[in-house]
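Asker: From TrEMBL, here are the annotated features:
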- 7-73: domain 'DUF1206' (DOMAIN)
- 88-154: domain 'DUF1206' (DOMAIN)
- 181-249: domain 'DUF1206' (DOMAIN)
- 7-29: transmembrane segment (TRANSMEM)
- 49-67: transmembrane segment (TRANSMEM)
- 87-106: transmembrane segment (TRANSMEM)
- 126-148: transmembrane segment (TRANSMEM)
- 183-204: transmembrane segment (TRANSMEM)
- 224-245: transmembrane segment (TRANSMEM)
């Protein structure tokens with residue numbers, strides 16, 4: 001299982017590097033694709049051996065989904081219920097990423113822009129009885145997760161999951177700064193997604209919901225926006241590089257990476 005998870009971490013690293021590069025290109029005005037999962041798939045497909053890389057990414061996401069599933073099944077013996085819940089949600093997310101990537105590779109069907117998906121999903125849920133509460137809770141959950149991710153980076157909590165003693169001094173220093181920068185960028189994006197979902201619920205307006213592409217474009221439109229977007233994009237790339245280091249140095253418990 002350790003090898004499966006490490007393969008998945010490497011795939012996650014590639015995915016975040018690509019997303020960060022797309023955001024950077026948007027900031028400097030040369031973007032050809034949206035900075036979201038669909039844009040990342042299209043960008044990779046255009047490159048030499050792009051479809052081979054997409055197959056690798058697809059099975060990398062599947063590996064992460066399997067790892068999270070095993071972790072959720074065994075978490076009750078060593079972790080809190082919150083850790084098990086996080087493993088379940090994370091596993092579902094990676095499973096969806098696998099299916100989206102596989103569908104594109106096999107059938108050439110790109111997913112809808114993440115902004116459109118967010119608005120459509122919000123509209124559907126808001127049409128339910130009690131849907132406003134569901135969207136509000138989802139927004140609050142995203143806000144909480146984003147704050148947790150940011151604090152996880154600033155407090156260096158992520159170091160607990162790594163074999164720091166196995167690293168060289170340079171690698172340890174790199175992990176600290178990549179993690180701080182990467183988790184802060186990831187957390188900021190999730191906080192913005194949660195804030196948008198919360199507004200959609202409070203105003204009963206699905207148009208308020210946003211996807212990753214809209215959040216990054218919003219950064220670019222703010223005062224000093226391009227510079228902010230560049231920083232966030234570099235943060236996403238930093239998280240990608242951190243994922244490569246995790247692939248090698250993630251701690252294991254009972255043969256399963258923590």
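Numbering starts at 1 and runs along the chain as displayed.
Glycine is no exception: its Cβ is also placed from the backbone N, Cα and C atoms.
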Asker: Summarise the model confidence on the domain 'DUF1206' (7-73) as a single mean pLDDT, whole number.
Answerer: 89
Asker: How many of the residues that make up the domain 'DUF1206' (7-73) does DSSP mark as helix, as strand and as coil?
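Answerer: When I sort the residues of the domain 'DUF1206' (7-73) into the three classes, I find 54 helix, 0 strand, 13 coil.
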Asker: Just give the helix, strand and coil counts over the domain 'DUF1206' (88-154), going by DSSP.
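Answerer: Once the DSSP states are binned, the domain 'DUF1206' (88-154) shows 57 helix, 0 strand, 10 coil.
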